[in-house]
Amino acid sequence: MTIRPILIHPDPRLKTRATEIGQPDDTVRALAADMLETMYDAPGIGLAAPQIGLMQRLLVMDCVKEEGAEPRPMALIDPVIEWASEELSVYEEGCLSIPEQYADVERPAEVEVSWTDLDGARQSERFGGLWSTCVQHEIDHLDGKLFIDYLKPLKRQMITRKMQKLKREKART
Ligand SMILES: [Zn+2]
C-alpha cells in the first residue's frame, strides 16, 4: 500500500466529473487500499479518487470516531444517492483538498446510497449523522463539486485565495 499525494484546491481535476468504473479489477482494489491508507494517514474520514488525481467514481470513508471503537473502512464504487430525506442537518465540514478551512454546510440529514463493492456486488445502505454528510461530500467530489461551492461567493473566494497562497508556499519549499 502506498500513501498518495492529495491534490490541493484549486485544481481542474477537482472540478471535473469522474467516470464510472463498472466491475472492479485488482487495480481498483489496490487503489481503494491506497486511498484508505492515505485517508487514515492524513488523517481524514473520507477521500475520493479525484483528490489523488484519478478521475474514477471511487470513494473511501470511515466515520467511526469513538475512541477504541472498531474501524469501519468502506470503499464505494459508482455510488448513487437513491433517496434523500427532506429533513436537513448542518455540519461544519472540512476537506483534505482544502486544508484547515471549515464551514457549515446544510445537506439532507439522511440518504440512501447504492454502490458496487470491491467484489463487484451492488450494495445499499441508509446513512445518517456524520456518515450521511461524509458520503454526500465525497459523492460531490466525483461530480467535481467541493463543499466551498455551497458557501457565499465572498467566503469561497477568500478560501480559494488562501489555498493559492498555500500552494505557492509549498512549491517554494
Ligand atoms: Zn473533500
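Placed from the backbone N, Cα and C atoms, the Cβ positions cover glycine too.
Note that this is a predicted model, so its numbers are computed, not measured.
According to DSSP, C95 (Fe cation binding site) is assigned to a strand segment. As annotated by TrEMBL, Fe cation binding site applies to C95, H137, H141.
Of all Cβ atoms in the protein chains displayed, 24 besides its own lie within 10 Å of the Cβ of E138 (active site). Look at TrEMBL and you will find E138 tagged as active site.
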- Not counting C95, H137, H141, residues with a CB within 8 A of the CB centroid of the Fe cation site are G46, A48, Q51, E93, L96, S97, E138, D140, L146, F147
- Secondary structure at H141 (Fe cation binding site) (DSSP, helix/strand/coil)? helix
- Give me the non-local Cβ neighbours of H137 (Fe cation binding site): same chain, 6+ apart in sequence, Cβ-Cβ under 8 Å, ordered along the sequence. G46, E93, C95, V105, F147
